[in-house]
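To start, the structure under review is shown below, and the notes come after it.
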Amino acid sequence: AAMRRFLGPLLCLLALRLPAGSGAAARGLDVASYRERVRAMFYHAYEHYLESAFPYDELRPLTCDGQDTWGSFSLTLIDALDTLLILGNVSEFQRVVNVLQEGVDFDIDVNASVFETNIRVVGGLLSAHLLSRKAGLEVEAGWPCSGPLLRMAEEAARKLLPAFQTPTGMPYGTVNLLHGVNPGETPVTCTAGIGTFIVEFATLSHLTGDPVFEDVARKALKALWKNRSDIGLVGNHIDVITAKWVAQDAGIGAGVDSYFEYLVKGAILLQDKELMSMFLEYNKAIKNYTKFDDWYLWVQMYKGTVSMPVFQSLEAYWPGLQSLIGDVDNAMRTFLNYYTVWKQFGGLPEFYNIPQGYTVDKREGYPLRPELIESAMYLYRATRDPTLLELGRDAVESIEKISKVDCGFATIKDLRDHRLDNRMESFFLAETIKYLYLLFDPDNFIHNDGSDFDVVVTPYGECVLNAGGYIFNTEAHPIDPAALHCCRKRREEQWEVEDLMREFYSRKKTKKFTLKRAPDHGEGENAKDSQDASSEKAGEKRNSKKSSHSLLSCPSQSFNSKLAVLGQVFLDNT
C-alpha cells in the first residue's frame, strides 16, 4: 500500500490504458509494416538533413541545402534526438549527444523566439538528458540532477529569462541571446507564447534546484488567467506591458493552443490542482461559446459572438488533450470531424471554412503538422478504435505520395494541386514521425504501463525512473514525471521515500514489478564527467555562419499582416 501511494502520482499519468483485444486485425491493417515504413520515412529525412543541411537549423529539401530559422542551433538535430531513441537507434543517439555538446553555442548574437527556443531546444535537451542512461550513455554522478545536457538546457533557458522582466510577468516574444530584449522590441505576444513554459521550466527547477524557472512560468500563466474576459475566454495577442488584449479572437487554435495544453500537462506533471481547475474553467467557457456540432469556432472574447467559422489544422491537438482529462467520447466525435477534412484533401489545410466545406484563400497548405496524428495516438491508447490506425495509414500514404522528394519531405504549399515548398520543419522529425511511430508501436517503452521501472541512486536517495506516464511537451519531447521527484533536498521527503523503498524491497518477491538496479556510474574520486568524454566527430564541424536575424515572436502567427474572414480581422500566418 505504501509503495502504491508513492507511485500514485506516477501511475495516475497512465490513464490511457490498453483495453484487451486489438482493432487492427479487424480491418486488416498491417501495423508492423506501417511501423517500418514510418521508420524508413524518418531516416530518409534525417540522413538528408545530415548530408545536406547540418549544421543549419533545417533542411531545404527541394534544393538539398540548409537554412537557419529559429536561432542557429542545429535545431533539427536537437529536435530529432529523442525520436532516435524511440526508434531504437542507441548508437546514433550517443553520437549526436557528443556532436551537440561540442558544437552548440547559445552565447551568440541572434534574435530568437522565446517560445520556439523553449519547446524545441530546452524541451529537446531535457528529454534527451532524462533518456541518456536508457540510451546507454555513461551518466555522471548525481544524474538525473546533473549532466551535460541538463547544463545545456539550463544555459538555453537562462538566455530566455530577460524576456520575462515585464510589469505583468508575461514575456516578450523575442530575445537576443547575447544582449537580452532589444530596445524597441514589440510588446505584443501571442497567448501561447506566454503560457507555454511550465512543463520545461518546472522540470528545470526540479532538476537543478533553482526555482526561478518555475516561478516565471507560473507568473506568466497566472497573468493570462487574471486577464481573461468576464465570460471566461482569452484572446489571441496581448500587450505584455499594459496587459491590454490586442487581438480579441478566442478559440483553441493558432496563437492560443499550447496555453491550454500546458495547463493540463502542467497539472499532471506537477500534480497541481490549481492548474487543472484553471483549465476546467476555460473548458466550460470554450464549450459554451465556441463549440458547435463538435467543431470549435472562433469568437469575440468579450461577447462570445462568432468571428470566424474556421477550423485550423493546429486545433487538431484538442481531441488528444480531451483524452487526457478523460473526455474520450467528445474527443472521438471532434476527431472524426477533423478526419473528414483529412480525407477530403489528403492532409489538413491550415484553415478550413466549416460552412463552405473548403479551404480558406492563402491557407491551403499543409506543412506536415503532427496534431491530428498526435490525437490519434492518444485516442488509440484509450480506445483501440481501428479508425485511428486508419488515420495513421492515410497519413503515411499521403505524406509519401505528395511530400517525398529526393532530399527529404517538403512542406505542401497547396493541398489542392500538391505544389510543394522548399522547407522541412524540424517538428516533422520531432513530432509527426514520432507520433506516427508510436501509433504503430504498441510495445514501445514510451507506452510502459508502470510494470517495469528502474531505481536509481541520487545524492538525495533512491528514486524511480522510466516507469512510463511520460508527458510530451508541445514539441513531442517526452518528460519522465518521476524524475521531478529525484532531486528534492527536503530531508523529510527523502526519509519518506527511503522508507517506502525499503518496504518495497521487503516485498520484491512479487512478480508484479520488474526491478532493474541502475549501475552507479562515476561514483568516488575517479568520477568522470561525461561532459569531457571524447566525441565522434565524423567530419562534422559547425562553421562560422552565425548571423543576427529577426524571428517571429509566435510560432504560428506574425503580427504584421492580417487576414479577413467574413469581415472579421484575424492574424496572418506567414
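Residue positions begin at 1 at the first shown residue.
Here the Cβ of each residue, glycine as well, is placed from N, Cα and C on the backbone.
Marked as signal peptide by TrEMBL: 1-25. Taken from TrEMBL, the feature active site, proton donor covers Glu116, Glu350. Positions annotated as active site by TrEMBL: Asp257, Glu371. What TrEMBL lists as Ca(2+) binding site is Thr474. The annotation region 'Disordered' is assigned in TrEMBL to 515-555. Feature annotation from TrEMBL assigns compositional bias 'Basic and acidic residues' to 517-542.
Around Glu116 (active site, proton donor), a 10 Å sphere centred on its CB holds 26 further CB atoms from the protein chains shown. Its Cβ placed at the centre, Asp257 (active site) has 27 other Cβ atoms within 10 Å. For Glu116 (active site, proton donor) paired with Thr474 (Ca(2+) binding site), the C-alpha to C-alpha distance reads 10 Å.
Take the Cα of Glu350 (active site, proton donor) and measure to each of the recorded positions Asp257, Glu371, Thr474: the nearest one is Glu371. Counting Cβ atoms from all protein chains shown, the residue listed as 'Ca(2+) binding site' has 26 others lying within 10 Å of its own Cβ.
If you take the Cα of Thr474 (Ca(2+) binding site) and the Cα of Glu371 (active site), they are about 10 angstrom apart, rounded to a whole number. There are 24 other CB atoms within 10 A of the CB of Glu371 (active site), with all protein chains counted. Between the CA atoms of Asp257 (active site) and Glu371 (active site) there is a gap of 11 Å. The 10 Å shell around the Cβ of Glu350 (active site, proton donor) contains 23 further Cβ atoms across the protein chains shown.
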